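Dumping what Swiss-Prot says about this protein:
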- GLY12, ARG73, PHE74, GLY103, ASP104, GLY105, SER106: ATP binding site (BINDING)
- ASP104: Mg(2+) binding site (BINDING)
- THR126, ILE127, ASP128, ARG163, MET170, GLY171, ARG172, GLU223, ARG244, HIS250, ILE251, GLN252, ARG253: substrate binding site (BINDING)
- ASP128: active site, proton acceptor (ACT_SITE)
Amino acid sequence: MIKKIGVLTSGGDAPGMNAAIRGVVRAALSEGLEVCGIYDGYLGLYEDRMINLDRYSVSDMINRGGTFLGSARFPEFRNEDVRSVAIENMKKRGIDALVVIGGDGSYMGAKRLTEMGFPCIGLPGTIDNDVAGTDYTIGYFTALETVVEAIDRLRDTSSSHQRISIVEVMGRYCGDLTLAAAIAGGCEFIVLPEIPYTREELVNEIKAGIAKGKKHAIVAITEHICDINELAKYIEQETKRETRATVLGHIQRGGAPVAYDRILASRMGAYSIELLLQGYGGRCVGIQNEKMVHHDIIDAIENMKRPFKGDWLDTAKKLY
């Protein structure tokens, strides 16, 4: 019988994490459960830095970006002895189960705790939208708005100077954020990790656009594919057009969550409590066709693959 749960945020922060914490806390309290917040993710779990939360602890949190509990990367959590300390810390505080909000790296920690007999539920919190088993992750839609706004601003100055602009978008090894932002921002060219790319092919496409009369262009590219400053130099050399590179960086993680992220986070937070009360552990929450779903967390990490939105890319190419 679960009487008290813990909640933490782990990995890179994402807008809507506070709304998810709020959803967990208030749904748990409505069921008569106690809630303990863990500071700085798995690091705080290991260092026994926790605080009891009530409904007022999460007042005015639904609209705040970031995570008030904090987050930290803690690779030492792979060590079983470290995890044993974390479990003992939770047990001495009377915590019976844990809700983990984060990406697939955070899920791995939850999986390992579950394998050691401590029930965990994972909520997908990352702007990258790269977690399997869910159509969307908490923070993705807010980051999308941020990226599109940046592209709109770049278009203004690119048009004024008849310039080629390259914008690097987060996403790690998933192109969802780049692809959606490129369509919404009207980008002329898109470079994604899912599609083989050569800079020669990109330059040929840009030259073809110039031949059609394009005065300026925006290239959206997912991070980790190449050095975009070097790419900008190469494009300028080959096209004789001024080319500038912009790395959006961590501004994509900040800001108040948009309405959909607040709703998604609230629904997922409340659903995690339903699952725990039904006796589930080692599960991760997702949304598919606007319905809450749950999967084995091992499947989400190791076996399930996110489908690539090839039809979206086809649409984008028609609009170049």
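The backbone N, Cα and C atoms fix where each Cβ goes, and this holds for glycine too.
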Roughly how many angstrom lie between the C-alpha atoms of ARG253 (substrate binding site) and GLY12 (ATP binding site)?
8
Spatially speaking, which of the binding-site residues GLY12, ARG73, PHE74, GLY103, GLY105 is closest to ILE251 (substrate binding site)? Use C-alpha to C-alpha, please.
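Closest by Cα: GLY12.
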Identify, in sequence order, the residues in the chain of ASP104 (ATP binding site) that are 6 or more apart from it along the sequence and have a CB within less than 8 Å of its CB; answer 'none' if there are none.
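Those within reach of ASP104 (ATP binding site), by Cβ under 8 Å and sequence separation of 6 or more, are ASP130, VAL131, ALA132, ALA300, ILE301.
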Counting Cβ neighbours within 10 Å across all chains shown, tell me which of the binding-site residues ARG73, ARG172, ARG244, ARG253 comes out on top.
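Selected residue: ARG253.
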Going by Cα-Cα distance, which of the binding-site residues (GLY12, PHE74, GLY103) sits nearest to ARG244 (substrate binding site)?
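Nearest in space to ARG244 (substrate binding site), counting only the binding-site residues, is GLY12.
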Return the residues near THR126 (substrate binding site), defined as same-chain residues 6+ apart in sequence whose C-beta is under 8 angstroms from its C-beta, sorted by sequence, else 'none'.
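THR126 (substrate binding site) has long-range Cβ partners GLY11, GLY12, ALA14, GLY102, GLY103, THR137, ILE138, GLY139, TYR140.
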Just to verify: the residue among GLY12, PHE74, ASP128, MET170, ILE251 with the fewest other Cβ atoms within 10 Å, which of the binding-site residues is it?
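So among GLY12, PHE74, ASP128, MET170, ILE251, the binding-site residues given, the one with the fewest Cβ atoms within 10 Å is ILE251.
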If you count other CB atoms within 10 A of each CB, which of GLY103, GLY105 wins among these binding-site residues?
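Buried the deepest by this measure is GLY103.
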Nearest to ARG172 (substrate binding site) in three-dimensional space, by Cα, is which of the binding-site residues ARG73, PHE74, GLY105, SER106?
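If we rank ARG73, PHE74, GLY105, SER106 by Cα distance to ARG172 (substrate binding site), first place goes to GLY105.
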